[in-house]
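As structure tokens, the structure follows; a few thoughts come after it.
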Amino acid sequence: MTSIFFNRHYPTIESACERWGLVYDPDAEFELVFEDNILTLIKRDEPKLKGISVDFVSGAVAHRRKFGGGRGQSIAKAVGLKQGVMPTVVDGTAGLGRDAFVLASLGCKVLMVERHPIVAALLEDGLRRAYEDAEIGGWMQQRMSLFHGSSIDSLADAAKASNTEVDVVYLDPMYPHREKSALVKKEMRVFQSLVGADLDADGLLAPAMALATKRVVVKRPDYADDLDGVKPSMVIATKKNRFDVYVKAAMTA
């Protein structure tokens, strides 16, 4: 069970906490509130930091959907998205769902798997609002879904529950930042203090390789070691990150 402080003025907060197994604690580090019909996580000892929510409808993700480069983006190349090929993807470390949304907006069917209950609650709330949106709601309902569980233990269960045959498993485990690196974005500071680094991330590769029929893609900082010490088949490098691609079979239409 995860302790959380929440504003009891909102009955939907109580139902959300009951659904996700969250326990009221007046001394908790984090607070869940509804602001303008959006479930938001606040770090209580840093009130100047912006709260965290999942928004697939507006803001940065909407801008990227419209102007982010389409299929020319590195993430699209990494998962094998091309003319006539629209892979089904399991995002095994969903986080705030941004990479999953990019892939869904490009036409992929994406199942998000998230093990942290608070993050899963934020994702579900983001999906709720996206499903109701007049512009993107139709294809969001068809392409994006959520499973709450650990990808180390439950990856195959997630795919089975959604009746999904998986072409690609996508992983972006939280990696410790270098001490000398620039200050982490304020929003990510809140997120990282909640979930911490994925110290068991090496355990993700084997179940991902077992589930994916075509490839596994691992997003890593440019300075990070290969996941579980396994060299990828190919690497797609960006300015600060890289996509390690473990190929099992060709991507065909």
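All positions are counted from 1 along the displayed chain.
Any Cβ shown, glycine's included, is placed from N, Cα and C.
Just so it is clear, the model here is predicted, and its values are computed rather than measured.
According to Swiss-Prot, the protein has these features:
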- ARG98, ASP99, GLU114, ARG115, SER150, SER151, ASP172: S-adenosyl-L-methionine binding site (BINDING)
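Around the Cβ of ARG115 (S-adenosyl-L-methionine binding site), a 10 Å sphere holds 19 further Cβ atoms from the protein chains shown. Look at the binding-site residues SER150, SER151 and count other Cβ atoms within 10 Å of each Cβ; SER150 has the fewest. Of all the binding-site residues listed here (GLU114, ASP172), it is ASP172 whose C-beta has the fewest other C-beta atoms within 10 angstroms. According to DSSP, GLU114 (S-adenosyl-L-methionine binding site) is assigned to a strand segment. Using a 10 Å radius centred on the Cβ of ARG98 (S-adenosyl-L-methionine binding site) and all shown protein chains, the other Cβ atoms total 16. Once the Cα atoms of ARG98, ASP99, GLU114, ARG115, SER150, SER151, ASP172, the listed binders of S-adenosyl-L-methionine, are compared pairwise, the greatest separation found is 19 Å. Counting only same-chain residues at least 6 apart in sequence, those with a Cβ under 8 Å from the Cβ of ASP99 (S-adenosyl-L-methionine binding site) are ILE75, ASP91, TYR170, ASP172, LYS219.
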